[in-house]
Structure formats: structure tokens, C-alpha cells
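The next block holds one structure in the form of C-alpha cells; read it before the comments.
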Amino acid sequence: MKALVKAKREEGIWMQHDVPVPEVGVHDVMIRVTKSAICGTDVHIYNWDEWSQKTVPVPMVVGHEYVGRVEKVGAEVEAFRPGERVSGEGHVTCGFCRNCRAGRRHLCRHTVGVGVNRPGSFAEYVVIPADNVYRIPDDIPDDIAAIFDPFGNATHTALSFDLVGEDVLVTGAGPIGVMAAAIARHVGARHVVVTDVNDYRLDLARRMGASRAVNVAKEDLRAVMSELGMREGFDVGLEMSGNGRAFRQLLEVMNHGGKVALLGIMAGPEPIDWSQVVFKGLQLKGVYGREMYETWYKMVAMLQSGLDLTAVVTHRFSIDDFQQGFDVMRSGRSGKVVLDWGAAR
């Protein structure tokens with residue numbers, strides 16, 4: 001089959017046409033991929049950075065954001081049938097550790113990542129356990145279904161705390177950050193402010209519904225807060241940037257008793273002023289992946305109740321033009337990039 005493969009321990013990803021079709025175990029589902037999306041993780045793997053070198057075995061079929069149709073099911077699978085439109089949870093869990101057995105599978109210490117530690121979805125076919133397959137309702141378009149993985153990250157982070165009537169700061173205007181901003185507005189936040197230094201992505205945040213999108217290299221965040229009539233500080237902070245300076249600024253402008261969810265991953269150890277956390281009585285929560293499968297139910301429900309993510313998909317290419325997709329993702333001038341397998345030559 002055709003697939004995008006991390007075939008060498010160097011920068012790049014390569015199209016190969018002779019990749020073996022993955023085998024279907026008795027509890028597995030084979031999915032014929034129709035659309036894939038490029039994740040920031042895929043860019044890290046493309047760049048072959050330090051994390052990728054330590055994490056990804058080579059060769060590896062990459063990719064974990066996709067939508068497709070069931071092609072084949074294992075002998076013990078009864079919940080799905082060929083032809084159904086589905087996506088899949090990208091974290092494959094052990095099912096036996098304490099967290100898995102308690103229903104907290106997103107905290108499994110033995111998690112294996114699709115497209116990172118096992119063959120992924122930048123391929124004509126991907127095989128995952130039936131427990132990881134999620135059926136997509138007919139009223140959700142393919143482009144949005146293909147980005148359920150990062151949409152799930154945004155949902156899990158944004159809904160970590162009650163947002164109704166709250167003032168929310170989102171640090172980082174990447175695709176997950178701007179989706180989190182849209183979610184916050186959808187569920188009833190008062191002011192949603194997004195910060196970054198990338199004007200392209202700040203404009204995307206505005207189109208996704210942010211009250212204000214602030215380039216902190218050019219604007220004073222506290223002045224923006226005053227302009228919005230905020231007298232104390234932000235009630236909820238969503239750290240999506242993985243940037244230490246942005247996180248420190250977030251702590252400075254949080255209200256006493258505020259709550260902070262962190263999804264962004266710092267490149268290394270970062271100093272912070274712990275007195276901001278202690279004396280303000282802040283709550284900090286680390287977020288990983290998606291709650292299985294409460295996050296997925298909430299994603300569908302929000303889309304069906306009017307949440308509009310259309311603007312976050314900014315570029316579309318045939319899978320044969322995947323290099324253009326990676327180039328635009330690496331430029332920083334894009335939202336989500338979707339690759340169409342149906343348009344392949």
C-alpha cells in the first residue's frame with residue numbers, strides 16, 4: 001500500500017508505495033483512510049528533533065489524525081461493520097493498569113501512540129483495536145472528523161474547569177489553542193483572550209471567536225485587560241504554547257483562586273515564580289490526550305449544537321502533494337492542513 005514513512009533517521013518524511021498492508025487481529029478494525037491531517041507531532045517527527053530521535057523507531061508509518069471507512073473487522077469484533085465512517089483514538093492503552101481498570105485510560109502509563117510507536121494513518125489503511133474506533137455521525141464533515149484528535153486535546157483542556165461567565169486566557173494561537181478559544185466561547189465564557197507572537201495565527205484566533213487576540217511582542221496584555229473591563233485577573237488559563245515566557249506571563253495575570261490547565265510541552269526545564277502559584281492559591285492541572293471517551297462524546301455534542309470549527313482548516317492538498325502540506329505547516333502560516341487520499345493520482 002501507499003504510505004508516508006519516516007524511513008531515515010534524518011529530516012524528512014517519504015512516500016513509499018510498497019508498504020505491507022497491516023494485519024487485522026481478532027479484536028482489530030482495519031480502516032481505509034479517506035482524509036488525514038498533519039499534527040504538530042508529525043512536524044516534530046519530520047524535523048527529527050531530539051524528542052523524535054528518542055521516541056520513534058525507524059522505519060515508521062506516521063500520522064494519527066484521520067477519518068475513513070471500516071474496511072475489515074477482526075473475528076471477535078461485533079460493534080462495527082464494513083463501510084461505516086469512523087475515526088480513531090490515537091492512544092492505545094494496556095487495559096490492565098490501575099488507571100485503565102478505573103476508567104481513566106487517558107492516564108495509562110503504558111500508552112502506545114498511533115503513528116509514533118505503532119504504524120499510523122498516513123497510509124491507505126490503518127489498523128487499530130476496536131476499542132479505539134469511534135463512529136462519526138453523518139452531519140459532521142470529513143475535514144472536521146479528520147481533526148478529532150487535536151480537537152479532543154482542545155476539548156479536554158478547555159473543559160477541565162467550569163467556564164460559564166469566566167474570563168479565559170489562552171496562551172498559544174496554534175490550531176489547538178484557537179479551537180480551545182472557540183470551545184470556551186461556545187460553552188459560555190465571558191472574555192476569551194488569546195496571546196501569541198504570530199500575527200497569522202492571531203488572525204485565525206479572531207476568526208475562531210476570540211474576544212481579543214494579542215501579539216504580546218507589540219501590545220500590553222494588562223492594557224487589553226483594562227480595555228475589556230477586567231478588574232482582577234483571568235479566572236481560567238489554558239497554556240497551549242509550550243513557551244516558558246508565555247506561561248510565566250499567564251501566572252502573573254491570573255486572578256487569586258484561578259485555575260490553569262497545561263497542554264503545551266516545554267522544550268526543557270523552565271523556571272517559574274512559585275510564589276505566584278502559592279500566594280494566589282492557583283490550581284494547576286496537566287492535560288494529556290483525550291478522556292476516553294467522554295471527550296469524544298462532548299466533541300460531537302458541541303459540533304451538533306453549533307460549534308463551528310470550519311476556519312481552523314486553512315489548507316487542503318492531495319496526499320501526493322504531502323510535501324506542500326508539511327512545508328506550510330512548518331512555515332507557521334497555517335491552521336490545520338488536511339491531506340485527501342481520494343484525490344491521489
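The backbone N, Cα and C atoms fix where each Cβ goes, glycine too.
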For the NAD(+) site that Swiss-Prot gives as ASP196, ARG201, LEU263, GLY264, ILE265, VAL287, TYR288, the extra residue out of ILE176, ILE183, ILE272 is ILE176
Whole-number Å distance separating the Cα atoms of CYS94 (Zn(2+) 2 binding site) and TYR288 (NAD(+) binding site) is 16
Going by C-beta under 8 A and a gap of 6 or more residues, the same-chain neighbours of GLU65 (Zn(2+) 1 binding site) are SER36, ALA37, ILE38, CYS39, GLY90, SER121, ALA146, ILE147, PHE148, ASP149, PRO150
The correct three-state DSSP answer for CYS94 (Zn(2+) 2 binding site) is coil
Smallest Cα-Cα separation from ILE176 (NAD(+) binding site) among the recorded positions THR41, HIS44, HIS64, CYS97, CYS100 is shown by THR41
Within the same chain, the residues at least 6 apart in sequence whose Cβ is under 8 angstroms from that of ILE265 (NAD(+) binding site) are GLY242
Whole-number Å distance separating the Cα atoms of CYS100 (Zn(2+) 2 binding site) and ARG201 (NAD(+) binding site) is 37
If you measure between the CA atoms of CYS97 (Zn(2+) 2 binding site) and VAL287 (NAD(+) binding site) and round to the nearest Å, you get 19
